[in-house]
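Taken from TrEMBL as is:
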DOMAIN    47-143  domain 'Cyclin-like'
DOMAIN    156-234  domain 'Cyclin-like'
Amino acid sequence: MVAADFWSSSHARWLLAPERLQEAHAQDLAKGLSREHVHQVKAFVVQYIEDLAKSSQSYVRRRVVATACVYLRRFYVRRCLCEYDPRSVAPACLYLAAKAEEAQAQAKALFHFMKKLNASGRYQQMPALEMKDLLDLEMAIMEELDFNLVVFSPYQDLMTFLKNAGMLDIAECAWAVLNDSYRTDESLVHPPYIIAIGCMVVAAALTDRNLQPWLEGLTCDLEEVYSVTQALFEMYESYREGPAPDAVHRYMQLIL
């Protein structure tokens, strides 16, 4: 079901047990944040990555955004929010992902779109970032990732599975669910094909389609699939309107 080269990749070696994620952010928790606060901060900066990418055709490919989000979450497995402000780490992840995915990556262009995006709306309180800061953060991210920059995307798996299941009509919904999955830590725990199937299950539920016959023909661990779907439904329940910017900036002021 999944390409053999995935299991021999650095991405596979980066898959973590859920218990390992519970060990992260000790310093942030000691400074007064709750795990829910940490989740909200990460969800906010993931949305920032997405909005920054949308504002620039240079970074617009969804694969670049997905890779940037994975870099961000891997980085904060090892580091704390109080050590590196995620509001600054996020654009550095996008810049690095664009280069890793062989997209056009120009720091000056990124700064142009950051300035435009931060000028109004929900991102007015984002911290100022200089070129040197961006390049220093890029190096810090690469070091914490052990220079393992390969990220396998679930998007191709998703489209293949939808075609196999005869459910291409729910592709738009499933694609949107997969985009939203990067607001969770699921990309750190499960291989891409499991995430793709989990997003299909959620999309089928949202569109009132019966996916069960197709699922029963699979050889993968359905308990793992249902773990993904549970995380996605919990995310939707928690962030119906997205994290409030004022709250996120307040949390960061508490720990920096």
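Backbone N, Cα and C define each Cβ position, glycine as well.
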Integer average pLDDT (0 to 100) for the domain 'Cyclin-like' (156-234):
96
By DSSP, what is the split of the domain 'Cyclin-like' (156-234) into helix, strand and coil residues?
62 helix, 0 strand, 17 coil
